[in-house]
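Visitor: For reference, the structure I am asking about is given below.
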Amino acid sequence: MDKKNIRNFSIIAHIDHGKSTLSDRLIEITETVSKREMKNQLLDSMELERERGITIKLNAVQLKFKRNNQDYTFHLIDTPGHVDFTYEVSRSLAACEAALLVVDATQGVQAQTLSNVYLALENNLEIIPVINKVDLPSADVERVKREIETKIGIDCSDVPLISAKTGLNIDQVLDVIIKKVPSPKNANDNDPLKALIFDSYYDPHKGVVCFIRIFDGKLKVGDEILFMANNVKYIVTEVGIKNPNMQSRAYLEAGEVGYVTASIKTIRDVHVGDTITNANNPCDKPLVGYRKVSSMVYAGLYPVDTADYQNLKVAMEKIVLTDAALEYEYETSNALGFGVRCGFLGLLHMDVIRERIVREYNIPLILLAPSVMYKCYLTDGQELKVDNPANMPERNRIKSMLEPYVKLSISTPDEFIGPIMELCQNFRGEYMELSEIDSSRKVLVYEIPLAEIIYSFFDKLKSVTKGYASLDYELIGYRDSNLVKVDILLNGQKVDALSFISHTQFVYQKAKKIVEKLKTLIPRHLFEIPIQAAVGSKIISRETIKAMRKNVLAKCYGGDVSRKKKLLEQQKEGKKRLKAIGSVQIPQETFSKLLQDDE
């Protein structure tokens with residue numbers, strides 16, 4: 001294959017600007033898939049992606065195209081647009097030479113557009129803008145061109161103006177890919193094999209399937225390969241490409257993107273970002289992998305049926321293989337038994353993982369309230385990291401507590417600036433700056449505690465801006481904060497799964513809200529149940545669930561009043577004994593309903 005005619009590129013954009021639709025049109029126009037097999041969101045293979053209309057997983061496909069009597073091979077990598085899946089984007093960019101930047105002609109440059117551009121620049125990629133949805137009545141092409149030129153600094157004089165939905169000017173995109181996307185640099189089939197794993201998944205028949213970009217060398221069936229991070233060796237059983245179905249080939253060569261299997265049954269042997277080389281003729285040093293991403297949000301996942309715990313462990317091992325950003329460890333709870341504590345990149349990431357476990361592995365789950373990673377400095381000089389409120393030390397042992405802050409960039413039309421500023425202040429945000437995108441749109445920058453935006457901030461932002469604002473955030477470090485742990489007590493017993501950490505400014509409101517909700521969610525028992533919220537030994541909120549009353553006088557038809565008094569006293573004593581030894585039954589759905597109501 002002529003290396004000069006290979007083009008490796010990905011498509012990046014803000015969520016809902018038309019990446020997957022453009023991918024569909026490129027697949028269609030190059031006749032990679034027959035018209036009969038063609039469907040919308042072809043590369044979004046997960047049912048969940050189709051339902052939500054978003055891309056969650058990156059996906060690679062090979063397209064063949066002929067222009068001016070030359071045969072071209074395109075490797076297109078479709079990427080997610082949501083801020084939670086930035087890690088997926090960075091992985092796909094490492095396997096490319098260029099990125100098509102799709103911008104919606106009705107919305108212009110959004111917060112996540114800029115974030116993805118910076119990722120592409122970090123990877124030294126050629127950025128090629130494409131303006132989509134030009135057929136819509138509200139499209140303002142000239143304004144969007146100016147935005148791209150001023151905010152990103154790319155000349156837009158010959159930018160393709162397309163409609164991915166109708167197929168308008170899609171052939172211009174193919175021309176610009178041939179003209180502007182560089183062919184693979186220094187790709188040599190005769191050098192030692194050097195291939196980057198940018199994605200993987202587990203197949204029950206083939207074992208681990210690795211998606212790779214070959215930078216140097218050749219890879220064929222029967223080769224002995226070495227995974228450089230773990231120093232483990234395997235014999236290649238199959239290599240091939242996706243177009244978009246898996247298609248096996250005799251070999252893959254430098255510059256190509258494809259897949260490799262080697263009957264790998266040990267899931268832990270494969271790491272996304274690792275380098276594969278030939279075991280008998282290895283390369284000098286591995287490729288620069290990916291920077292390890294840090295989890296932003298932590299939450300406990302527990303099976304509704306404790307018998308499903310082993311199945312949950314298997315499910316977590318397989319999902320981690322396809323989602324390198326997910327972290328987890330096993331934990332136990334007094335109230336819920338065995339489960340896993342997971343670290344996620346954001347709330348959407350958390351929601352997607354939970355839904356995947358329920359759908360793909362048929363394990364109904366209880367999701368506990370999300371938390372962030374706090375730092376505790378103790379009086380004895382120790383430093384502790386706490387992502388689970390139940391593990392927070394006693395208050396008298398804590399010298400100071402730090403919480404993570406994020407830099408929040410909100411892109412919005414002018415008329416919503418006031419409501420957004422008020423919203424950010426209510427969530428403990430600190431105003432930093434206001435910059436202009438154009439005459440009618442601004443970018444507001446705030447520094448805000450991460451714990452404040454992981455609950456309902458995004459929904460409230462959409463509400464006050466009628467859905468017109470977009471946001472992007474990045475972690476900027478830890479700051480000293482006045483935080484306390486709130487324990488929830490039922491009948492005097494702490495329920496570890498309900499503990500939470502709050503800033504002292506909001507602790508009374510939050511405690512009161514949860515206690516009132518629990519009163520409505522927990523069914524009445526034969527004895528009175530006090531529900532208390534406590535900070536240390538101080539009770540800051542209380543509600544009581546009244547006892548169910550059995551009418552012990554029903555069988556007394558008249559008769560002596562002392563007989564009735566005796567029966568009532570016996571009932572009173574029985575209830576005292578029940579209260580002392582009886583346990584409160586918390587329905588499983590209470591935990592998820594508490595979380596839903598918070599949102």
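Placed from the backbone N, Cα and C atoms, the Cβ positions cover glycine too.
Quick paste from Swiss-Prot:
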BINDING   Asp16, His17, Gly18, Lys19, Ser20, Thr21, Asn132, Lys133, Val134, Asp135  GTP binding site
DOMAIN    4-185  domain 'tr-type G'
Visitor: Within 10 Å of each Cβ, count the other Cβ atoms, then let me know which of the binding-site residues Asp16, Gly18, Ser20, Asn132, Val134 comes out lowest.
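Guide: Checked Asp16, Gly18, Ser20, Asn132, Val134; of these binding-site residues, fewest Cβ neighbours within 10 Å: Asp16.
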Visitor: What is the pLDDT of the domain 'tr-type G' (4-185) when averaged and given as a whole number?
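Guide: Its mean pLDDT is 79.
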Visitor: Of the residues named as GTP binders, Asp16, His17, Gly18, Lys19, Ser20, Thr21, Asn132, Lys133, Val134, Asp135, how far apart in Å are the Cα atoms of the most distant pair?
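Guide: Of all Cα pairs among the recorded GTP binders, the widest measures 17 Å.
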Visitor: Using DSSP, would you call Val134 (GTP binding site) helix, strand or coil?
Guide: coil
Visitor: What does DSSP assign Gly18 (GTP binding site), in three states?
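Guide: Reduced to three states, the DSSP call for Gly18 (GTP binding site) is coil.
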